[in-house]
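First up is the structure itself, then whatever we jot down about it.
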Amino acid sequence: MENKDLISQLLPDHVLHEILLKLATKDSVKTSILSTRWRYIWQRVPGLDLNQTNFRYKGLKGFVNRFLDLDKKSLIYQLKLEFDGRKYETEGSLFNKWVDSVVTRGVQHLVNNYCPIKLPGSISMCETLVHLKLVEVGIDSFDSVSLPRLETMHLLSVWFSSEAALERLISSSPVLQVLYIEKVWNVEVIRVRSQTLYSLRMRIWKRDLDWNKDLTKIGLVIDAPRLKSLNLQIHRFKDLVLNSVCSPLKVDISISKGEFNPINSLTMKTLRTFIAWISNVTNLALNYCCLEAMYAYSSSEPLPQFSNLTHLEVSMDSSCLKLLPTFLASCPNLKSLELWVHDHRLDILDISRSTMPKCLLISLKFVTIYSTAMISSSVENQVETELVKYILGNAAVVKELTLRFILWAEEHRFQLSKQILAFPKLSSACQVFLHSSFF
């Protein structure tokens, strides 16, 4: 029996175009050898997804120019280009020509990776753009900005002519839902003002600030009443202002060591504002520096009750043993706890002597401990096993406790498992799961 191309027989061209649009262009071109019908299908796909490394030098320019010139009236929904910026740093005018072209042809997805150019003004008034991702580009202060359909925006290592240029780009996107910012240049205070934003992620770490010689701290202003998910990884806060913002449902925050000093009234005010703001979250992730800051705060003022918090994730080292019970005491309804242990050397403090958090007695049901450090075959003097012992001995309603760890050798697993499973359990219904990998 002859092999038949059922896809070609059953599907119309426009469906095939949509299928190929989901592929990188180099893979889309390969379909031209399938049959006579497939030979030119890729040329009518309404988009490009190209990596400069797939071309000889200057080959990319010719390919894109030919593709865009095939039918200048056809729609182009997608333009994704990844460059070696060092080779294409002089090609800014050419790239801007391509952007100008697709803006007039209904582009919805624009991705520019590693081409150090300034965006053309046409992009600021694109009525069809839905997704925008920019890496290592420059943005001037446009005369006017209107992005009425833009829903997601990713800005990575983007240079702005002024703080107002960034603020305007965000505030002029009336349906923006997802915003990701990683490294922005020439911006000292990041202002996020949006009535529709529900997910905000920002990552500005120490090495990023080091490149900005005149910048040592970042200020952050958030005015987003519908925000539901917040992920902040910021090395140094200069100030934090929260306007018209409901407490989000999910918060993930990482800061640098010693960022908030309870003796300093200014940093204390910022910390007080932030803690009050996140006290109604249901899902919270903290690094150990955040835990230290909250512990220091609790020595001056009582922590608020995190009554809605049901899931907590903490990245910790041995010094956090004394801090964890203090924070858990403010989480009376916690149901799920994840602990990432990065240092297994046991602190001199005996965690078993700490105040008993209410959640251990009435609500905590699921605990997972991840060990990223190598542990030995003995349970003595190790953070992970001390935590297991503490939780099993004090959690009255816990159902599952899982420990994921790394061992030097497979023979150590049985010894360690035997000792852990011998720990006394307050909850008779608790199941203990041990998952190990080997160095």
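Positions of Cβ are set from backbone N, Cα and C atoms, glycine also.
Note that the structure is a prediction, hence the values are computed from the model and not measured.
For 5-60, the entry in Swiss-Prot reads domain 'F-box'. Taken from Swiss-Prot, the feature domain 'FBD' applies to 348-405. The repeat 'LRR 1' annotation in Swiss-Prot covers 99-125. According to Swiss-Prot, the feature repeat 'LRR 2' maps to 131-157. If you look up Swiss-Prot, you'll see 158-183 marked as repeat 'LRR 3'. Per Swiss-Prot, the feature repeat 'LRR 4' maps to 207-234. Residues or ranges marked as repeat 'LRR 5' by Swiss-Prot: 263-288. As annotated by Swiss-Prot, repeat 'LRR 6' applies to 313-341.
Nonlocal intrachain contacts for the repeat 'LRR 3' (158-183), taken as residues 6+ away from its ends with a CB within less than 8 angstroms of a stretch CB, comprise 124, 134-142, 145-152, 189-204, 208. Here the repeat 'LRR 2' (131-157) has a mean pLDDT of 92 out of 100. Counting residues per DSSP class in helix, strand and coil order gives 15 helix, 4 strand, 7 coil for the repeat 'LRR 5' (263-288).
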